[in-house]
Amino acid sequence: MPTPPNPAALPLVPLPTLADPTDATAPHVLLVYTGGTVGMAVNAAGELAPMELSRLDGQMPELARLPLRVSLLSLPEPIDSSNVDPADWLFLAQLIGTHYAGFDGFVVLHGTDTMAYSAAALSYLLEHLGKPVVFTGAQVPVGARRSDAPRNLVTALEIAAARHPRAGTVRVPEVGVFFNDVLIRGTRAKKVESQQFAAFKSENYPPLARAGIGLYFSDKSIRRLPTAPLRVHQRLETSVAVLHLFPGITAAVVEAVLGVPGLRGCVLATYGSGNAPTAAWFTESLRQARARGVWLLNVSQCVEGRVVQGKYETSAALASLGVVGGDDITTEAAVTKLMFVLGLGLGEAHTRQLLGENLRGEITP
Ligand code: ASP
């Protein structure tokens, strides 16, 4: 996205729903359109590319049956989510902060490719979140035959407006990803499928809700309402990297990644329960990176399970080198956690503590 505009200046378009737009008692959801397949059409070259809001509006007649007020806000230039970057996350966080008081919940229409990264980033940036922020999208564009967009969008809007039937309090005060009938915590989502409708998996944590004939919330898995007001963070450290290990990786590859000038943090994508080569050159590369102040976060390449540094001889040296164990965090939540925590600009001990701690439900302590 080019230079972000002032979020307060972006126009809100009320969508036709069952609710009277002037009825202040009807739940009000802000639908933020950022791009993605959900809003794409085939361009002159025969490729799928994002289309403008004007073409999206009116394509979802299902909304007319929703007893909610829905206002649509589009980013000025919708993108394929492969182009998303940390500046977009800061802008989205600011946008939600700007409209926080005026809405009951938020739905972000986003491409599926990097949705898990964006949902994790927003989870960190929106501290003490007390309202739902539900990311959704589609594998087939809205308006196309057999699109999954209406089904994903209608339920995402319902979740964003959901309240406990008796207490009347917000049901999901979290950032989540709703896709193919499953609501996943934002810091636990992983895109696992590019052809089928079930595009996301909840890694190492149960889904927060499922949609069937009704909406079934798993209240014990959902975070409690915060006791402090929302705090929108406005800094991310972007000088981070991921070093994905593979048998045969050479010293030149490891040093090229860890030696990036100005690098502040790196996710080490290790084997199994956090294991890595024990060759002296490898250990020495990590030691030198640490000595240059690079934070190393150990994340397993396995989709399930957790990092336990010291369980095997092949991970024993990592902790003493100062590598932080990532427990059962996803790579998506780890990259964005490094950006967030390093962006806070804290001292050594506090940074280490936050990197290892459960901040937004991203690890099971
Ligand atoms: N390339 C698309 C995107 O992430 C894929 C999708 O939305 O499903 O924007």
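Glycine is treated like the rest: Cβ placed from N, Cα and C.
Where the annotation comes from TrEMBL, it is an automatic prediction and has not been curated.
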- Checking TrEMBL, the member of S81, S123 that binds substrate with T112, D113 is S81
- Message: List the residues in the vicinity of the substrate site, defined as same-chain residues other than S81, T112, D113 with C-beta within 8 angstroms of the site's C-beta centre.
- Response: G36, T37, D80, S82, H110, G111, T114, M115, G137, K191
- Task: Please work out the mean pLDDT for the residues of the domain 'Asparaginase/glutaminase C-terminal' (240-354).
- Result: 96
- Largest separation between Cα atoms (Å) of residues that the record links to substrate, namely S81, T112, D113: 7
- Give the residue counts of the domain 'Asparaginase/glutaminase C-terminal' (240-354) per reduced DSSP state, in the order helix, strand, coil. 49 helix, 21 strand, 45 coil
- Task: Report the same-chain neighbours of D113 (substrate binding site): residues 6+ apart in sequence with Cβ closer than 8 Å to its Cβ, ordered by sequence.
- Result: G36, D80, S81, S82, K191
- Compute the C-alpha separation of T37 (active site, O-isoaspartyl threonine intermediate) from T112 (active site), stating it in Å without decimals. 8
